[in-house]
Amino acid sequence: MKTNEIRRKFIQFFESKQHTYVPSASTIPIGDQTILFTIAGMAQFKSCLTGEEVRPYKRATNAQKCIRVGDLDDVGKDGRHCTMFEMLGSWSFGDYYKKEAIQWAYEFTKSELKLDLSRFWVTVHHTDDEAFDIWKSIGVSENRIVRLGDKDNFWAMGPTGPCGPCSELYLDQGEHVGQCYEKGLKCSGPGCDCDRYLEFWNLVFMQYNRKEDGTLLELPMKSVDTGCGLERLTALLQGKHSNFDIDLFIKIKQKILDTTGIKNTINELSTQQKVNCNVIADHIRMLTFTLGDGAHFSNEGRGYVLRRVLRRAVLQVLKLTPHWPKNKSFLENIVTTVVEEMGEFYPEIIQNKARIEDAIRIEELRFNSTLESGLAKFHSFIEEAKSKNKKVLSGEHVFILHDSFGFPSDLTQILCEEIEFKTDIEGFKKHMQEQKERSRAEAKFYKFDLDDSPWMEFHTPHVEKDKHFAGYNLEFKNQLKDNHEVIECSISFDRIKKVRQLKNKMFELVIENTPFYPEGGGQVSDSGWFVTLSHGAKNEFEVVDVRKTVNCIVHVLKHIEYSTEEANSLDQNELVKLFGEKAKVTAVIDFTLRQATMRNHTATHLAHKALQLVLGDKVRQAGSLVNSHALRFDFSHNKAMTQEEIQKVEDYVNHQILNNKKIITHDSVPLGKAKEQGAMAMFDEKYDDYVRMLEIPEYSLELCGGTHVTATGNIGLFKIISEGSVTSGVRRLEAVTGTNAYDYLKKLKDQIAAAAESAKCAENEVSHKIHSMRDHIKDLEKNILMLQSRVVNTQISDLLNKAIDIGSNIKLISTILDVFDAKEMELLSDRLKEKKDTVSVIAASSEGRAHIMVAINPNLLKQFKKLSAGSIVKQLSEMVDGKGGGRPDFARGGGTNPEKLPHALKHVEEIVKSLI
């Protein structure tokens, strides 16, 4: 049973038990600061389990993408630990409790999964007599129900929150499996860590809410949270002892091998090579999903975890293929396979594929640039230690690798562990502290953060001001740059907080009260430049990204103009010249792009309300992307919009544009008050206590921190260019505004004019002309079909004359046509199928592919039960390096090696005889 089928069966089973399917939450928790990543299926239902939130359903099921990074060192080695995994789950929020949860888990295990019940075991909490009795009542023997303590059978999501006793389902993998057997020890049964008894499903009975002081309070309602690891379950069903050997991972690992150029099959790899492949496959899957959900590489929080995971993957790549070019990303090549295998159920990774690949490529190449020289230095330090008969890398050397080569201490630890060396972390911390003290004594205006790049700090951080966007009301003064309107803002020295140089002439800059809008709320960041003038030298930096971090807004800059000779690295004094007290710094915002983005953002609000007016109030925003080119709006709706509905939405929006209503913004509105006034908010979005509210009088009211036009008339024109499906229950609308809408309509007009010229008719007659031509084409196709039928009749006569009697009154026809024509082959096969006692095999080749069709007269199928066109075509297709299948009376297939067709057809008689 394949991974995707198991996931589908689980969800459908619980839907049949009146559970509502709820899509997976993001891997990035929203509104929950207690965890970096979504670590369990219950994360999005936490408030439901505590009784704080009431939803329209009391039963839910889903497959949740989860991230756990606490066991990074074990990933790829033991076959069980994964950083990213899927948790199949079912929930009851104050509805059913232990009895139904246990009964349904047993029913699914027995009836749907068809697991061997002679190997089935369960555990319960040692105080949970109720669960014990339920298992016993449904047929599980007492000696297969094991009582365990809090360590094994009391579950909690974290140090605080919902928790309670649990019951776990196990499968005995056999007495010859597990570490106990390998060490000659006796396994104690379920709960033993040796892996003989493998837990695959956990039923948690939510009874308590654990407070910060550790006290357990009874929940206002009893709930159920069950979790079943998909990868582990799949491994059991596919008879594998490692998650990394299931069908999903095999395809990812094969892509890894194909990319390296290693010719060995997966089974032929050495033990170490298998571990390398496992780690890369796991880590790229984790990165694909977290980046697809909007996470970023950074030096803090979850961004630093992602950076560490990527670096671990890169190290495994270098072990697998040491000569991989340092200027070429390896990992981005594997993203496509992850998307192909998992994108159908998780469409967000399809939508964000390009962004995921870009982020991985940039981060990998950035790491590669420091890795090569850093590794050389690392190995020289190791050799130095060995020469002194030491197996410890000194704190001083760890510090040098960190300070000069950007190696985080944990990366150095990983490298040391690989060669069984230890690291002097305490000595490293001492050197870091000494550097801090030197920095404070020598230069009060900067310090180094504990990360892999040095920051130069000019002024003390001020979180509120450093996180503040101050560019809502910029005044345009008719200035041009590169044919774009721009706004210049002088940035005084006291507003410049810190700066650091990255690689490839890239910088990161933090200023107080930035006029550049940072990416957020679906709107892309502003574009523009920073210009510095110091000692008569002018330097220009393109703003390539503006993003929010926990404590500030970071501008990513590219140095595009040097007045002095270029250098690969700027020292502290040169950075002072560029951004220090004596430098004149000017921020230049590209107002042309800002205006286009504002038009699209305000139009998004108009479209949101218009969709509700046309489709009903149930429509809710499910995501958006707003840039200077177009707008994209995802919304909840369970079917495709009609052309009439699309036109109505356009009409509503353009009517508001023509009315030229003034846009009213309300700043610092208490969140509760905004909701009371009916302001629309994004589902699952976490808002501050005070919010910004955008009002289009007598039309819409929404929470929004983005930039907008001052009046609807500034939008100019609104045109929808597409409407389609994103996933079940979510649709996507794409539209253009202003000059982009005009250009789009102009292009359509030009296309109509060109079509009219080609069709030799007036522009207003193009539609009629197309219908007329289509009718004419249909008539021609009918004539062609008649001619083909005559040709086929002639061919049938010839083929019947050449038919071979292979015994049992069976006439066998096999031939290779000179020219491939799919319709002709189908017609020929259909006609031959009508001929009594006939088996026909028709083949042809085209553009490097072999094509095979097999047809069998129905009377023969009644006489010979094993005879099947699908079976015949499958065997023939394999002979031409392909595959095929179909019905017993008709099947088709083919392959990539048409040269083998004559050889394959020589075996037709032998294959047919084996089936009669």
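Here, residue 1 is simply the first one shown, and the rest follow in order.
Using the three backbone atoms N, Cα and C, a Cβ is placed for every residue, glycine included.
Unlike curated records, TrEMBL annotations are generated automatically.
Feature list (source: TrEMBL):
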- 1-747: domain 'Alanyl-transfer RNA synthetases family profile' (DOMAIN)
- HIS601, HIS605, CYS704, HIS708: Zn(2+) binding site (BINDING)
- 745-790: coiled coil (COILED)
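Recorded features from TrEMBL, shown on the structure.
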| residue | record | Cβ neighbours (10 Å) |
| --- | --- | --- |
| HIS601 | Zn(2+) binding site | 25 |
| HIS605 | Zn(2+) binding site | 27 |
| CYS704 | Zn(2+) binding site | 23 |
| HIS708 | Zn(2+) binding site | 24 |
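A mean pLDDT of 91 is what the model gives for the coiled coil (745-790).
Excluding HIS601, HIS605, CYS704, HIS708 themselves, the residues of that chain whose CB lies within 8 A of the CB mean position for the Zn(2+) site are, in sequence, MET598, THR602, THR604, ILE663, LEU694, GLU702, GLY706, THR707.
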